[in-house]
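Working notes for the structure below.
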Amino acid sequence: MSEISDTPKGVAVRRTGGTVAHLLSPLGVVLLVLLGCALLLSLRVSVPIGAMYWDLYVIIDGATRVLDGQIPSVDFFAPVGPLGYWMQAAGMRLFPTGQPLLLTQWSYLLVILPPMLPVLARIDRSSRSVALTLLLPLLLFVLFPINVEQASSYPSVDGYGIYNRQGAQVLYALTVALVFERRQRVLLFAIAWCCAALFLSKITGFITGGLLCAFAFAAGRVRLSTALMSVVAFAAVLGLIEAMSGLVSAYLGDISTLVAMNEGVLASRFIQAASIHFGIFGSGLCLLIALLWLDRRPALQLALTAVRRPNLATLHAVLDRNSVWLGVLLFAGLFYETQNTGGQGFIFVWPVLLAILMASGRYADRGTILVFALVAATAIPPAVNVAHKGMRALIGQMRYETLPVANLKGLAQISQRPEVIERGYALLRSYVDQRATYQAFADADLLPTFSLYSEMDFQIAWLLAASEAVDAVRAYETANGVRFRTVMDLNFVNPFAYLLDKDAVRQIAIGADPFRAVPPLDAATKAAVEQADLVLYPRCPVTNANMSLRRIYEPALTGHRLIELSPCWQAYIRADLGPSS
């Protein structure tokens, strides 16, 4: 695989040029993209709401807590690392009218690009086409908040799978460095940066990145001194964070709790991930088999040499091959997807696929054609899916309407077909008028429909219910001369501190899935909930998940009185908060 560090044959070496040439350089393209993103985030734009869009509200909840001075994992139980909440919080401060999903998606450019740009700048000096072929696909995946999987037949964006997309994009940057960079100082920076970002984003991404780094070391790409210094730099970053906040140890505790709550499903998830991504994974396996066959003679000779004269040089020669790299990347991609529901799976295989294309000229014509075809079959589906869905969303929303509410801040910056919005209103009326029916579903541990949270009319109805809650809370405060300071919601999402400009209750779980991500009530959490001024309980619709959450926190609500706040909401108000208090 060593040929990928050289100027590829048949690719023109970059010439010096004027302004246009500079704008078309990787740095020029990046600056133009960042400028465009900043401009759009400065405007009040909307995006077409899609399946499970409310996952975004979990990030907004976390970011709001960060802006209030809370520390992830220390002051609240988080499903992932803190980096996404930190980036969102900074973005909300810089772009208060920015569309929240675009802000979440684009803020990670500041995480992804630093380790990539030095690598691309070096490649650009010999081959601009190769540099741009590495950069442009990543920009496609970052700029469109779209997953490679299809969850809705309507043009829309994906508010779910955000953590998974962010991790995959950082892994892409790491793979570019490991595959295309030889300078050890640049590798040291890229490895330390990406591993810290992955650890602070999603732990499965960090494990996947560690696997790639370990293989790069075994293949001779990363020297021992570079590996050790990368570990030292990574540990120094985490040590500083731990010393300042205690976050790292608390985060590891959260991970341990989540693992204990979700153990025993890894093997089945490998099968599930392979089936969901079979178009990419299956094509990649076919390419791997083809490479092993085409390279069988030199590979066999290397293997025999390694057996006869075992040393580091022969080990590196055996491992540092296109086929081995591809196999490792496919396994790493499959492992990463075992813990994901939605995302941009396997996009970080592209740098290795490009290296394979660049080396394919050494095969006979039929071999070259076969390699090109299988690389295309592996690489094209995710890019085409994201581009297709992204352009459909962009064009389709020209006929969409925005949500006609004025009290949801950035949550209202969405659009959808008029009939879907009208159906959201109808659903809300149904939730109230037919409450006994929905209660019967919940009592049977069933959702009204199997894919309820994926349905766009439900997402619209939830926003309309949230708008009702905001108005009802403000009306109650005005009518009773009371001012609530802290608020929480017995629901999967809890954006009401953000919507009502209040403090979020500490020590509770955000992204509160009671079956997978809410730990048992402990003393600290119980004390925090007991001091909550306002605890909202949603009933549009009544669901088994919300009922389960209420059962978890009920021991901490004995000092609250329950009121009917509005048709869709009950509220637990702390007993000592009477009128005019």
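Positions of Cβ are set from backbone N, Cα and C atoms, glycine also.
Just so you know, TrEMBL annotations are computer predictions that nobody has curated.
Residues 314-336 are the range that TrEMBL records as transmembrane segment, among 314-336, 452-474. Counting Cβ pairs under 8 Å that are 6 or more residues apart, the transmembrane segment (314-336) and the transmembrane segment (187-219) reach 3 or more and are in contact.
In this view, Thr19 (active site) is surrounded by 8 other Cβ atoms within 10 Å of its Cβ, with every protein chain counted. 187-219 is the stretch from 20-43, 106-123, 187-219, 345-363 with the greatest number of Cβ pairs below 8 Å to the transmembrane segment (231-252). Secondary structure at Thr19 (active site), taken from DSSP and collapsed to helix, strand or coil, is helix.
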